[in-house]
């Protein structure tokens, strides 16, 4: 891809995200989302592979539909209440339409169908952007409108997302699809607490972004796209493979790693709200995700590749590790002792 085109796309991506997260008017938020959509399309289709073109087409159609619904919801609210302020979402129809629109943009169940396919057709770096930065503006809109949204609808979508993300990730052999369904499952955790403690939604998103970024950067460093090639990564960068295992377990939410913190706080808050059944259900559904994280960790660190007579051994690579990888992996593993500070902030 042309460096100038890549620079323009990246700058537009940052601009669109900044406009949406800093706006309090529906029109400016909508403009930021449109800039984001148009900026990411060249990055998805830059390989000119038929699968990449298909992914960019699916992404454009779904995002255009979601943006139209969001604009329609804000216009209905402005028509009945005279308010364009994002926090003044009062009309029931507007609340319903905006929930649907933001859910489509995030990839929440039952509007998740586009997300795994788009990630499968994109490069690892573009997948990182789609799974993290591109979800920040819709999460911000959810955060700003959280007092007006229907808690029953959000809880139902959250439980369905956690269930489907876990079930569908079980039989995947492509690492990008595994991480796509992992993202859907984590969105369920973020959504379920939105009505009760929106700050916890943001904390969960930040920690998820950090951990997922570390995993995508490791997979990009080792050039790993399938589970069968995960088995050969230990010969390339053995220390990185060990860190990869710990980061996966952190994403699964195992103590004493960082990923345990948001799940612990969410379960605690749901219990305080006397939603013990909901907390139990989403905790049990997270065991499905734990299975495929453990399978990835098992393939990366314990399983040996088949060794035939004419097998060419992959020696350790001379490719330097990205400093961002080291930073994100360290934070993804060792942040749990800072949980009192996080609790104070939230």
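Every residue gets a Cβ built from N, Cα and C, even glycine.
TrEMBL: automatically predicted annotations, no manual curation.
Given the structure is predicted, the values throughout are model-derived calculations rather than measurements.
Residues 59-79 are the range that TrEMBL records as transmembrane segment, among 38-58, 59-79. Between the listed ranges 202-219, 220-237, TrEMBL ties the annotation transmembrane segment to 202-219. Among 91-115, 281-304, 324-345, 324-345 has the largest number of CB pairs under 8 A with the transmembrane segment (240-261). Residues 106-109, 112, 115-116, 119-120, 127, 131, 135, 139, 142-143, 146-147, 149, 151, 154-155, 157-166, 168-169, 172, 204-205, 208, 212, 215-216, 251, 262-263, 266, 269-270, 273, 278, 282, 285-286, 288-289, 292-293, 296 of the same chain, all 6+ positions outside the transmembrane segment (178-196), place their C-beta atoms under 8 angstroms from a C-beta of that stretch.
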